[in-house]
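> Reproduced below are the annotations present in TrEMBL:
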- Leu23, Trp316, Gly323, Ile324, Ile325: FAD binding site (BINDING)
- Gln95, Gly96, Asn97, Val98, Arg139, Arg140, Glu151, Gly323: NADP(+) binding site (BINDING)
Amino acid sequence: NVINQFSRVAQNGRCSFFGNVALGSSISLVELRELYHVVVLAYGAESDRVVGIPGEDLKGVHSAREFVWWYNGHPDGRNLDPDLKNTDTAVILGQGNVALDVARILLRPTSELAITDIASHALTALEQSSIRKVYLVGRRGPVQAACTAKELREVLGIKDLYIHIKETDLKITPADEEEMKNSRIHRRIYELLSKAATAGPSQPSSGQRELHFVFFRQPDRFLESYDKKGYVSGVHLEKTGLKGIGSGKQIAIGTGQFENLSCGIVLKSIGYKSVPVDDLPFDNQKGVVPNLKGRVLSDNSGDPTSFENGLYVCGWLKRGPTGIIATNLYCAEETVASLSEDLELGVLASTTRLPKLGRDGLLQILDNRNVRVVPFIAWERIDKEEKRLGGLRNKPREKLTSWEELLKVAGSE
């Protein structure tokens, strides 16, 4: 659906698509703003938050983003090579949608994955995987789990999967009730988890894959293996409790009690982070561009009068790495409304007075720098070839996972 929607936009005569162009290296933000009256930044979040605890650099500790790139066939993630053979246990830190998706990939039968568009190198590794137990660790309780119902149902619906949730973790307080009263999503998540806790057998059967929801725990440090120096062997977890901070919200606080959880691989799903580019106002603490309804502010002071004329932002770069596709839709509509309003109010007065070079100027700069631009017709060639290769394997598509392959197909007539 996303491909179909964006294809209609890209095929519109008023739209130009410049693929294989990187903001900050192929072209600077200053140059773009000189070429166009309006620039909207929507490049999302392609870095990771760090936990900031000892042992984070041990081998076997990966970010969930890297892992998602790996199994989705992103060219920059194809060489991740996670070791799924030498351990039967994986720990995922976080309980949001990305964490659930990673768990789903690790636990779903590979016969089912084989008919999806998963990258072939990832499918091969998963077919040889020894992972049988996955622990999803969250700092707070089931009421505060940060996922959505659709994604949770997908994981809970994996066939022949043993689900374990401690009964004591499902006990709710008046504060939890208040949170659920204010959020239909949180109530639905809690109901799904409660049902899953009681629906299955009390013990896994021999060889059955297991998914363990671990609530009220936060990582204190990653443990190093005695046998394999430099490799992770587990996570030292601190038990937590909830503390109300008003407005029906609760945060996790450490209790000073600890326990170890053994594993051979850790996937950190604690949040994506946007990266700044030169000459862009950026709030490093929040990992977003300071803005008011999509209008970029000149600094972090919050002064609503100090706008960067003609510069706008939307998506995760605007509001942080939260929400799903529909959330980004509303976010984009707000930014476009701000842009339209500024146009009508004459804030972007230069649009009528000063002509700008636009696409012709951009193409000239990129040509001078020998940047190979991939137009939309070339993207369509990539799309067609991936579908052709997928058809040979009974898959929707077989992704091309190297820049060389992608550019070769893009250039073939």
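Cβ atoms here come from the backbone N, Cα and C positions, even for glycine.
I'm curious about the neighbourhood of these features; can you describe it?
Just so you know, the Cβ of Leu23 (FAD binding site) picks up 16 other Cβ atoms within 10 Å once every protein chain is counted.
Packing around Gly96 (NADP(+) binding site) is summarised by its Cβ count: 20 other Cβ atoms lie within 10 angstroms of its Cβ, all protein chains included.
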> I'm trying to understand the geometry here, so how far is the Cα atom of Gly96 (NADP(+) binding site) from the Cα atom of Trp316 (FAD binding site), in Å to the nearest whole number?
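Counting only the Cα atoms, the answer is 15 Å.
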> Within 10 Å of the Cβ of Glu151 (NADP(+) binding site), how many other Cβ atoms can be counted across all chains shown?
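So the Cβ neighbour count for Glu151 (NADP(+) binding site) comes to 19.
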> At a 10 Å cut-off from the C-beta of Trp316 (FAD binding site), count the other C-beta atoms across all protein chains.
23
